[in-house]
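First up is the structure itself, then whatever we jot down about it.
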Amino acid sequence: MPLPAAELHLHVEGTLEPELAFELAARNGVRLPYADTDELREAYRFEDLQSFLNLYYELMAVLRTEQDFADLADAYLARAAAQGVRHAEIFFDPQAHLARGVAMGTVVEGLWRALASSERRHGVSTRLIMCFLRDESAESALATLEAARPYLDRITGVGLDSAEVGHPPAKFREVYEAAAALGLHRVAHAGEEGPPEYITEALDVLGVERVDHGLRCMEDPALVERLVRERVPLTLCPLSNVRLRTVDTLADHPLPAMLDAGLLCTVNSDDPAYFGGYVGDNFTAVRAALGLTEDRLRELARNSFLAAFLDDDEERRARYLAEVEAYEFGDTVA
Ligand SMILES: Nc1ncnc2[nH]cnc12
Ligand SMILES: [Zn+2]
C-alpha cells in the first residue's frame with residue numbers, strides 16, 4: 001500500500017503522457033512534429049527549465065476541447081491515486097490556452113468535469129490553482145484574473161510559474177493583491193532557478209502562503225531561519241530538479257539538509273509525464289538515493305496535509321493525517 005500524501009505542486013499540462021498526446025492529436029486533427037511516442041520521448045532530454053518549457057508549451061497544441069482537459073485530468077487522478085495521493089491541488093496555465101484561442105471556460109469546465117467525480121472515482125479530493133505565466137506581462141495576468149471571474153467558485157488559489165530568471169515576483173504585486181481581495185489563496189514558484197531574493201520577494205510582496213520549489217533558500221541562512229520560524233511550506237519536486245539540472249544527481253539533493261534545518265518540506269511531481277515519475281515515484285526515488293528514514297518519509301507525508309489548502313475542511317485534513325500516522329511501511333512507498 002502506498003504512503004498517503006497530498007500533491008501540492010502539479011501542473012496538469014505536465015501530466016500529458018506521450019500516448020495521450022498522440023490520441024488527442026488524432027482526435028483534434030493536430031499534427032505533432034514527432035513520428036511516434038518513442039520519438040517524442042527522445043525529446044525529453046532537458047538542459048534547463050527553458051528547454052523543458054519549450055516542449056511543454058508545444059505539446060499543449062493537442063488540448064482543444066472540454067473533453068480533452070477532462071481526459072487529461074482524469075488520467076492524472078487515476079495515476080496519482082494508484083501512488084497514494086489522497087488530495088491534489090492542481091495547477092493550470094490558462095494563458096497558454098487563451099493564446100491558442102481556447103477559452104477560459106473550456107479549460108476550467110473541462111478540468112472540473114474530472115475533478116467533480118474524482119472523489120467517487122479515485123478517492124482523491126481536489127483543488128484548482130490558476131497560475132500566471134511570469135514571462136508574460138503584469139497586464140496579461142490581470143486580464144487572466146478578470147477572465148476567470150465567472151469561474152472563481154471552482155478556483156482555490158493563484159500561482160506563478162514559467163521562466164523564472166529575469167521575472168521577479170514583484171512584477172505581479174497588483175494581480176496578487178487583487179487575488180487576495182477575492183479571497184484566493186496565493187502561492188508562487190520561487191528559488192527553482194531564480195535567486196533566494198525571489199523567495200523573500202514572493203513572501204513580502206505577493207504574500208504567498210507556500211513557496212513552490214524554494215530550493216535555493218539554502219544559499220541564505222537568514223532566509224532558511226525565517227522560513228522555519230514562519231512555518232512556510234516548500235513544495236519540492238526532486239525528480240524535476242534532476243531532469244532540469246537544478247541538482248546534479250538525486251544523491252546531491254538538499255532535501256535531507258532542508259529537513260534537518262527544520263523546513264516544512266513536501267514532495268511533489270511537478271510535471272510527471274516529463275520528469276520520470278508521479279508522487280510515489282518521487283518518494284521511492286528519494287528514499288533510495290538519500291536513505292530517508294521511515295520517520296522522515298512520514299514527516300514529508302504529514303507536511304503535505306498540513307500545507308494543503310484544507311482550511312475549509314479541517315475534518316478531512318484530520319482524517320488524512322490519521323491515515324499518515326497509521327501507515328505501516330513496507331519495502332515500497334508507491
Ligand atoms: N517546474 C516548472 N517551473 C516553472 N514553470 C513551470 N511550468 C511547468 N512546470 C514548471
Ligand atoms: Zn512547477
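Just so it is clear, glycine is given a Cβ too, placed from its N, Cα and C backbone atoms.
From a predicted model like this one, the values you see are computed outputs, not experimental measurements.
Listed in TrEMBL:
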{"type": "ACT_SITE", "residues": "Glu192", "note": "active site, proton donor"}
{"type": "BINDING", "residues": "His9, His11, His189, Asp270", "note": "Zn(2+) binding site"}
{"type": "BINDING", "residues": "Asp271", "note": "substrate binding site"}
{"type": "DOMAIN", "residues": "4-317", "note": "domain 'Adenosine deaminase'"}
{"type": "SITE", "residues": "His213", "note": "site 'Important for catalytic activity'"}
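Between the C-alpha atoms of His11 (Zn(2+) binding site) and Glu192 (active site, proton donor), the distance comes to 15 Å. Excluding His9, His11, His189, Asp270 themselves, the residues of that chain whose CB lies within 8 A of the CB mean position for the Zn(2+) site are, in sequence, Leu10, Gly14, Phe91, Asp161, Asp212, His213, Thr235, Cys237, Ser240, Asn268, Asp271. In this structure, the CA atom of Glu192 (active site, proton donor) is 13 Å away from the CA atom of His9 (Zn(2+) binding site). Note: the CA-CA distance between His213 (site 'Important for catalytic activity') and His189 (Zn(2+) binding site) rounds to 6 Å. Long-range C-beta contacts of His189 (Zn(2+) binding site), restricted to its own chain and to partners at least six residues apart, with a cutoff below 8 Å, comprise Arg134, Gly159, Leu160, Asp161, Glu164, Asp212, His213. Closeness to ligand 2 is met by Asp270, these being the recorded positions among Glu192, His213, Asp270, Asp271 whose Cβ falls under 6 Å from the molecule.
Just so you know, the Cβ of His9 (Zn(2+) binding site) picks up 29 other Cβ atoms within 10 Å once every protein chain is counted. His9 (Zn(2+) binding site) sits 9 Å from the residue listed as 'substrate binding site', taking the CA atoms of both as reference points. The average pLDDT computed over the domain 'Adenosine deaminase' (4-317) stands at 98. Counting every protein chain shown, 24 other Cβ atoms lie within 10 Å of the Cβ of His11 (Zn(2+) binding site).
Neighbour count (other Cβ atoms within 10 Å of the Cβ, all protein chains): 26 for His213 (site 'Important for catalytic activity').
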